Amino acid sequence: MLKYLTRPAILSLLLSLLAPISIPQISQAADVITSPLPASSLEPAPTPKTSTPTPTPTPALTPTSPSTPALTPSTIPANPSVEQPIRLEISRSKRRVTLYQGDVAVKSYAIAVGKPGWETPLGTWRVQQKLRNPIWIHPFTGEAVKGGDPDNPLGRHWIGFWTNGKNWIGFHGTPNPKSVGQAASHGCVRMYNQDVEEIFQKVSLGTPVKVMP
């Protein structure tokens, strides 16, 4: 197509192609652009992130059940099932022994006490011996009668509460029930066999025995 152009036209075309091209200015600092960048090309400055501390969970306290309050010494109920201590009181004049539980007289029994010159000793003593089928030794001849013998003067049970280191005085049964209620012994307390057995089951070593006139 250029071959049909006249020389002036060709010259004019060349001049138009060689027109100066506008080149953007760059400052001496090569990393800085002097012309502003469009706002859409700018990233917003990052917002500093602050971490919200996670609260440490506090364990829940289990409330004390109101139905089971703690007992203080002032609120602890007394135990009504605790038995009161046993004690025995002998009346030589009435010829009876009374079994007490605490301050309550539970039962009274007929007895034989020491005859004149062999009186049952007055005072407060304690049970020191408890024997079943005791052996009896005659205080003068030394003759022994074995335990369980129907003729044994001590019967089937012995409860010793006084001694001088050689001789003993205590409760015992008897093969001679007619003597009960009298001053007939050598200081001991004779009882019906079934009565002394009953007391034998209730008293313990250390049970107080008070002998009154």
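Glycine too: its Cβ is placed from the backbone N, Cα and C atoms.
Owing to the predicted nature of the structure, the values given are computational and were not obtained by experimental measurement.
When secondary structure is read from DSSP and collapsed to three states, His172 (active site, proton donor/acceptor) falls in the strand class. Annotated active site, proton donor/acceptor per TrEMBL: His172, in sequence order.
For Cys188, the entry in TrEMBL reads active site, nucleophile. Listed in sequence order, Gly114, Thr120, Ile169, Gly170, Phe171, His172 are the same-chain residues at least 6 apart in sequence whose CB falls under 8 Å from the CB of Cys188 (active site, nucleophile).
According to TrEMBL, the compositional bias 'Low complexity' annotation covers 38-53 (among others).
According to TrEMBL, the compositional bias 'Low complexity' annotation covers 61-78 (among others).
Per TrEMBL, domain 'L,D-TPase catalytic' is recorded for 86-212.
Summarising the annotation, TrEMBL assigns region 'Disordered' to 38-83.
Sequence annotations record features per position, and here TrEMBL assigns signal peptide to 1-29.
Residue density at His172 (active site, proton donor/acceptor): 26 other Cβ atoms are found within 10 A of its Cβ, drawing on all protein chains shown. Counted with DSSP, the domain 'L,D-TPase catalytic' (86-212) comes out as 13 helix, 56 strand, 58 coil.
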